[in-house]
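Visitor: Below, the features straight out of TrEMBL:
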COMPBIAS  824-834  compositional bias 'Acidic residues'
DOMAIN    41-321  domain 'FERM'
DOMAIN    479-670  domain 'DH'
DOMAIN    699-796  domain 'PH'
DOMAIN    872-969  domain 'PH'
REGION    1-38  region 'Disordered'
REGION    432-451  region 'Disordered'
REGION    818-843  region 'Disordered'
Amino acid sequence: MVEPADRPSTAGQRLGAPESFGVSTLEPGLRPPAQPPGRQVSIRVQMLDDTQEVFQISQRSPGKVLFDLVCVHLNLTEGDYFGLEYQDHRKMTVWLDLLKPTLKQIRRPKNTILRFVVKFFPPDHTQLMEELTRYLFALQIKRDLACGRLICNDTSAALMVSHIIQSEIGDFDETQSWQHLLHNKYLPDQDAIRDKITDCHRKHVGQTPAESDYQLLEIARRLEMYGVRLHPAKDREGTKLSLSVAHTGVLVFQGYTKINAFNWSKIRKLSFKRKRFLIKLRADPANAHHDTLEFAMASRDCCKVFWKICVEYHAFFRLFEEPKPKPKPILFTRGSSFRFSGRTQKQIIDYVKDSELKKVPFERKHSKILSNSGMSPQSSSFRSQVPKEVIRHGSLFPHSLVYGSPASDDSPLGSPHVVVNGNGSVNGQGMGSTGVLGPGQSPEGRQLSPLTSPLLTEAGYVRNDEEEEARRKKFPTDKAYFIAKELLTTERTYLKDLQVITESFQSFVGKDEAFPDSVQDLISANYDPVHKFHQGFLKEVEQRLAQWEGRSNAHIKGDYQRMGDVLLKNIQGLRQLTIHLQKHSECLVELERVCRSSRKVETLCRDFEQQRVCYLPFNIFLLRPLHRLLHYKLILERLCKHYPPTHDDFRDSRAALADISEMVLQLQGTMMKMENFQKLLELKKDLTGIDNLAIRGREFIRLGCLSKLSGKGLQQRMFFLFSDSLVYTSRGMTPSNQFKVHGQLPLYGMTIRESEEEWGVPHSFTLFGQRQSVVVAASCASEMERWVEDIRMAIDLAEQSSSPSADLLPAGVSDNSKSLLEDSGAEQESEEELCGSRSSLERQGQRGNTTVHVCWHRNTSVSMVDFSVAVENQLSGNLLRKFKNSNGWQKLWVVFTNFSLFFYKSHQDDYPLASLPLLGYSVTVPAESENIHKDYVFKLHFKSHVYYFRSESEYTFERWMEVIRSATCSTSHSLPSTRKDLY
């Protein structure tokens, strides 16, 4: 256990350890790890703030006990980023192995000081959730600068030191700052750039220590030598090089210049043989290099030390879970049994997000200013740089965007609460006041209407779990059955979607003479036959599932536990409808043409979109038949993969897959054009002040939030990237809260440059257009990478195109008037509009739940690729839902589409009762501490809001996890490589 520093006769003081004034405080209630019995030994550990602590461990304790004692002593939740290093008997710096006994590694504990330092450097410091963790990382950067390990230019060095000084002594004072620099050494050649450091320090007035840590890490993480630990080596020709390992893979340096990088995805195996370190690459016909690279190091021990850290880096950043130990061989051992021990980065992030840990205050040893250490870097000057945004759990989120009191956190889009209204419809349409899904109350504290309470409160929960389990156990458990059941559940939803076109829409517009008969006849002629066909298809699927489950009274005996024959028959029938499927694009174009030519028809179509049955933009329903072909193809692929070739159903399934694949290939070009056209039409409804968005040749690429730098600081703006131009907007004050266009940047001739150091704004880059330049900042590093990559791709497309880009802004608006429009109108948004209000939600109706509005409130972005992935990842079925603090489970029919979950009482309902947009969410499995104790449960969480869902089988659980991940932030994680293939 740690020896408290305030007792007069501690072991630490007897050993001569200095008194600790640093970040070490033991929070009451935190318990040190259990230790095996045995003699206690004192181990000295030097912390990152240069204090030393003495820990008592049992002589048989593994390294993990000591490491956990240090983390408990620091109250450090994210300790897995750190490690304990020491010099072994060979004078080599090595990491303490957490699995081996400490005293078998440290031969002379009285003469050894272990150093607690950063071991794993993540690419983006916003992935560090706790302020204490960021502070410790800042101390590591300070140490790396002082010892000359973090090499950089004078500008970056001066800026980083200025942030360190700001955190230590506060705002600039000429005499104090100069004296502080004289007495403290932050850089080996500090005197040469002392004036630069003080000039930078002047600009940080009002910046808290937490903000200084944030800015320091922002600069450091972009440096080539950030987190780099060089291991000397030579190549085959004897050239002196250095090897290093990072989150991306293995790096090769010559001096301090990186000359090569081998990503984990390209590495097949890492190994060492004597003093040779070997990197075996995956076969690449386009690459003329050797598939095995060889480097000579000083000794076998040097090779092994570097190989171990490579193993750990790969596991930490690439795997989802800690790798399991290899089974011990019975007779002979071959190779090292070393493995990574501890949580992976993904596990750390999930744990901190889920656990809602109490912020524990800590002291900064070197800081002479008092600050609230529980504060995230989001106050004073940081807020002035990024208004309306805060940093929470590793990304920038908008402030509470509320419909009601500005102090509330119950926004339907800014928080995860499901939007309902008083009559149980979706997103504020229908009879009246808007409510928000909470534990039985509206934001004002009123009880929800009796019509919504069975769905949205605990009153309607299914509490007889035993009966439900017994019913489920009667059904087959074969995976093929659940694949067939997915066909059934999604076919039910698809048929309902077709009815929106063939019944609801036709009935609605048929009552108004303004709607042209020709367009109505065109839609009817090409959708009614498809609807009729699928009515018969659904009946056959239902009958087959009933027989499979043993619920049918069919007197004819036969093997009904298959679905390939039903699919083959109906896909062959569906091929006869290809002529109608090809005409669906004409229906979409004609409907848009008559809406353009007649304001009355356009109003009629928009009025239909406000109906409860039209739970998505209407044009999406027109694309459903083409999208359904993709679903059949994916279902058949899963069936064929599951069946062995000898299975009775394999031949029919494979034949059906061949037929549907041919249809998809035949209609793929039409589908892609329709998707792009539909997306342009949908965006046109969300934008105001724009001409001719949906023109031939223009492709939509990405939409989302960026902060635009203006004279008043950073302003949240919605950006829309097309193949010929980039448009930026802000949310307007129209009845439907459309986004008002402020400017257009043609892509032809545009250049892009990262500009964080120039402007001092995290994740910022500058767009240099032919007419104007714009500085923007993304909410996090990953968002910035997505934007920069897509903008560069769009610039290439624009330069390859022979046709000039059309001006999106109204004709006659000059460049000067455009800039005036932005300077005057862009900053006129009231506080009420930025935060939202109940009245504005009532006005906007269903339009407030479009993807554009969700991205605005969640401060994220979505690309056309994401939309295409979402098309394939649609799912329907029964789920049991439970709130975080409730006991019972509620059975719902759930439809996942368009990045949202839609909730129904049963599959027979015509419209959803509530919806939950998922952009920005995380999907995980519950931890043991959450006491769910049920199989096949997944967890959706956003900030502190949590929902649990139970599925009926392992297959359906995996499918729900798969499709929901496609719409949440989880998709940003790279897929794990299998460890055994790499080492």
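Cβ coordinates are placed from backbone N, Cα and C, and glycine is handled just like the others.
Give me the lay of the land around each of these features.
Guide: The predicted model assigns the domain 'FERM' (41-321) a mean pLDDT of 90.
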Visitor: For the domain 'PH' (699-796), DSSP counts of helix, strand and coil?
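Guide: So the domain 'PH' (699-796) is made up of 20 helix, 50 strand, 28 coil.
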Visitor: Within the domain 'PH' (872-969), count helix residues (DSSP H, G, I), strand residues (E, B) and coil residues, in that order.
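Guide: Across the domain 'PH' (872-969), the residues distribute as 17 helix, 42 strand, 39 coil.
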Visitor: Where among 41-321, 479-670, 699-796 do we find the most Cβ pairs under 8 Å to the domain 'PH' (872-969)?
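Guide: Counting Cβ pairs under 8 Å, the winner is 479-670.
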